[in-house]
């Protein structure tokens with residue numbers, strides 16, 4: 001989780017005025033492609049935080065039989081998986097030779113479109129399901145409050 005794509009510098013180098021300097025143990029991609037590095041850093045951090053949130057939610061003992069808690073957990077899992085996929089995408093782009101960049105970019109574009117489609121469909125389905133459940137519960141509560149009270153029963157024989 002902490003080794004960035006491309007690895008880390010293994011040596012210290014103090015370059016001349018035209019050369020870049022680097023220190024051992026720092027990210028190579030941070031020096032060579034800051035845009036990819038910042039994307040990688042964001043996606044990797046989101047994935048890590050979402051994974052930690054999942055662990056925390058599971059060990060706190062929340063009642064996951066309640067659909068709302070289960071829905072929240074599912075969304076966090078989706079965020080973690082999507083962030084890991086995005087991190088994978090950036091890693092592939094960093095490792096790919098320039099001669100193959102176009103092919104890899106096309107494959108990744110199709111994969112991202114498919115993934116977003118699946119995620120959107122599942123999110124929509126689960127959200128609709130949750131809304132239906134909430135509306136049904138609200139309707140049941142309304143029906144309960146609008147029911148007339150049961151008739152009082154009087155007994156004819158009263159023993160004193």
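Glycine is treated like the rest: Cβ placed from N, Cα and C.
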Study note, to complete from the structure: Among 18-39, 40-61, TrEMBL lists transmembrane segment at 40-61
Practice item. For the transmembrane segment (40-61), could you work out the same-chain residues 6 or more beyond its ends whose Cβ comes under 8 Å from its Cβ atoms? Key: 1, 4-5, 29, 69, 72-73, 76-77, 79-80, 83-84, 86-87, 90-91, 94
Check your understanding: Under an 8 Å Cβ to Cβ limit, what residues of the same chain, 6 or more beyond the ends of the transmembrane segment (68-90), are close to it?
Key -> 5, 36, 39-40, 43-44, 46-47, 50-51, 53-54, 57-58, 62, 108, 111-112, 115, 119, 122-123, 126, 130
Point to revise | Mean predicted confidence [pLDDT] for the domain 'PGG' (1-93) | key: 84
